[in-house]
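Student: Pasting a structure below so you can have a look.
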Amino acid sequence: MLRIADKTFDSHLFTGTGKFASSQLMVEAIRASGSQLVTLAMKRVDLRQHNDAILAPLIEAGVTLLPNTSGAKTAEEAIFAAQLAREALGTNWLKLEIHPDARWLLPDPIETLKAAEALVKQGFVVLPYCGADPVLCKRLEEVGCAAVMPLGAPIGSNQGLETKTMLEIIIQQATVPVVVDAGIGVPSHAAQALEMGADAVLVNTAIAVADDPVMMATAFRLAVEAGLLARQAVPGNRSTYASATSPLTGFLEALA
């Protein structure tokens, strides 16, 4: 069970809505993933119409919507987009994204922190997408963010947990949930994140661009469950030296 702010989730896999070939395929993949929290870019939906091709099936599916501010380049733009989303969707939950460079889509740490502080004061439940910077994540936590969402690698790159060392520090020091976001390309990346101690992962591109998104969504669901179970089971310690599982000493002595 995962708790963020005033909501609890059985699934530790969050999903996105971009890049799917159709709305129907998107919904089928989300259902297969077991995800209960789904992000959607406000620039891709008509917030005035609940029968929007993307929004309507999500509402029907009963998932928690997490509008994001993707496309915002400044704190001011993100705050304005957040206010529009709250008015249109009736939710104060927000994935805060500010990336001024469309080529790399890396989050702006200064604008993100500024916007996060302002939005928390306005009553938003803020989940900021940010770099894997332990100091920044701590600052975001201190201004009241409900979780932090550090990247594993650039958005849509499928590179995996390239920031593993920094993620480990963030996880160790965090007192709010840590959701690894961006760069997760295959289910084993998601399992690794949960094994490390992350509370959840957010996956979009890896599912949406797969030849079979529904099958890939299922694979991610199972991987997240496996990673969480492995962590709860408490793996054995790593060792430089070998340790035989079936020592021969007693056996050979008995034959002598």
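Glycine is treated like the rest: Cβ placed from N, Cα and C.
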Student: Of Gly156, Gly197, Gly227, which does Swiss-Prot put in the 1-deoxy-D-xylulose 5-phosphate site with Ala182, Gly183, Asn204, Thr205?
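Tutor: Given Ala182, Gly183, Asn204, Thr205 bind 1-deoxy-D-xylulose 5-phosphate in Swiss-Prot, the matching entry from Gly156, Gly197, Gly227 is Gly156.
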Student: With the cut-off set at 10 Å between Cβ atoms, which of these binding-site residues ends up with the most neighbours? Options: Asn204, Thr205.
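Tutor: Compared across Asn204, Thr205, the most Cβ atoms within 10 Å surround Asn204.
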Student: Cα-Cα separation of Ala182 (1-deoxy-D-xylulose 5-phosphate binding site) and Lys95 (active site, schiff-base intermediate with DXP), in Å?
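Tutor: Ala182 (1-deoxy-D-xylulose 5-phosphate binding site) to Lys95 (active site, schiff-base intermediate with DXP), Cα-Cα distance: 13 Å.
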